[in-house]
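Swiss-Prot lists Asp354 with the feature active site, proton acceptor, giving sequence analysis as the kind of evidence. Here Swiss-Prot flags Leu240, Gly241, Glu242, Gly243, Phe244, Phe245, Gly246, Glu247, Val248, Lys262 as ATP binding site, drawing on sequence analysis. Marked as domain 'SH3' by Swiss-Prot: 55-116. Per Swiss-Prot, the feature domain 'SH2' maps to 124-216. Per Swiss-Prot, the feature domain 'Protein kinase' maps to 234-495; the stated evidence is sequence analysis. Here Swiss-Prot flags Tyr384 as phosphotyrosine.
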Amino acid sequence: MEPFLRKRLTFLSFFWDKIWPADESEEDIPRIQGHDDNPVPEQAAAVEPCSFPAPRARLFRALYDFTARCAEELSVSRGDRLYALKEEGDYIFAQRLSGPPSTGLVPVTYLAKATPEPPSDQPWYFSGISRAQAQQLLLSPANAPGAFLIRPSESSIGGYSLSVRAQAKVCHYRICMAPSGSLYLQEGQLFPSLDALLAYYKTNWKLIQNPLLQPCIPQIPLVQDEWERPRSEFVLRRKLGEGFFGEVWEGLWLGSIPVAVKVIKSADMKLADLTKEIEALKSLRHERLIRLHAICSLGEPVYIVTELMGKGNLQVYLGSSEGKALSLPHLLGFACQVAEGMSYLEERRVVHRDLAARNVLVGDDLTCKVADFGLARLLKDDVYSPSSGSKIPVKWTAPEAANYRVFSQKSDVWSFGILLYEVFTYGQCPYEGMTNHETLQQISRGYRLPRPAVCPAEVYVLMVECWKGSPEERPTFAILREKLNAINRRLHLGLT
């Protein structure tokens, strides 16, 4: 009788409760009291957001406004998102996900199942930004310690990360997702939504040792066109080397972002052309080219800021103990990667002018990226000329460029042939023992560098083609890329 009446006449549930009191095992869930009753309201056990799993099927949205008629009910407004904790006949005991955390009973007829929505309307959610960009945002003058944001995770597809400013640094926390769909920072602390997670850690911030005070203010100049940055944003930490354009340093941007900083003396630069040249360079994007981050051209010295590659330049790396242990497939892989980058520059009609192993950078995973493309054009004519002696890299430069300053994609091809020689000699200097003058003299007489001991014969054939006296007879980078890739494939097939 009881189950039948409770199911058919749910609107008299308060009356059935008087006739058939609830079992003690169910006292933790408040039941509806009638309008005429005046019970002493029970204090429902506080529902911690972390105490319940959050399967996606238990998310609801309020279809209509509902005003609670007693302490056990929960008032909701149309559009409110709720998480169902337990079904109670024609009611759902739910937790409201928007606004102050609260729980109570809501009639099922007032609700509809909802699907999780990306929190794009929240001021603390930043979509489409990376970890490095989050650091820039939070460390900007507009944001103080305690500023925070949530962003999509870079390492976990569909996941999130919490980034919080703590004085002069930014702390990042991965927000994990349990199989049930719950979110957590710490195991055992489960939350049905990002709102609930933030609400909990705003109160219990000591668990992550950083208070969550206010959402990040998105007014940092992170627009891609704003390349000019104040020099004060960069700290030079360790000198990595020195080349024709100045010194290269490992540095930190905004106190936490590792970067490479090329320091150039203004006396050697055509500063009037710098902005125009940077405008051209920043449009070049390829996985085999170093990414340009920023420039500092106001005052002296000029900074050109790029991404940092862990193993430094290719010439130095090849001469290291780790580099000397590399096998032929690795060396050929370097050649193929550089050819890919140069082929892209060729398609964009960009002339490098200073292609050499010292201007190719190596990552921790042995990826190669071409650097300093186009910068030689910024050097003053009296600096980058044969008469200036050591400033011009004669041993890497095509004869027509070294003698007459005729630079082209085909003069880059000549330099690529010299780079191949460096790769297959593990960083050895070309024309060793010769002066610049002697080098040019010998080249004009037909001398070409010999085949390195570990260099495959078919690769050396490509080197010699790169060193044709007539630029028109030299291959394009597109052809070099295809031929090197073909040699690489045959080598790997032979090894397997």
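Just so you know, glycine gets a Cβ as well, placed from its N, Cα and C.
Bear in mind that the values here come from a model prediction, so they are computed numbers and not experimental data.
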Neighbour tally for Asp354 (active site, proton acceptor), based on other Cβ positions within 10 Å of its Cβ: 26
Fewest-neighbour residue among binding-site residues, criterion Cβ within 10 Å, set Leu240, Glu242, Gly246, Val248: Glu242
Cα-Cα distance linking the residue listed as 'active site, proton acceptor' and Glu242 (ATP binding site), given in Å to the nearest integer: 14
Spatial separation of the residue listed as 'active site, proton acceptor' from Gly246 (ATP binding site) - C-alpha basis, Å: 13
Helix, strand and coil totals (DSSP H, G, I; E, B; other) for the domain 'SH3' (55-116): 6 helix, 29 strand, 27 coil
Inter-residue C-alpha distance, Asp354 (active site, proton acceptor) and Leu240 (ATP binding site) (nearest angstrom): 19
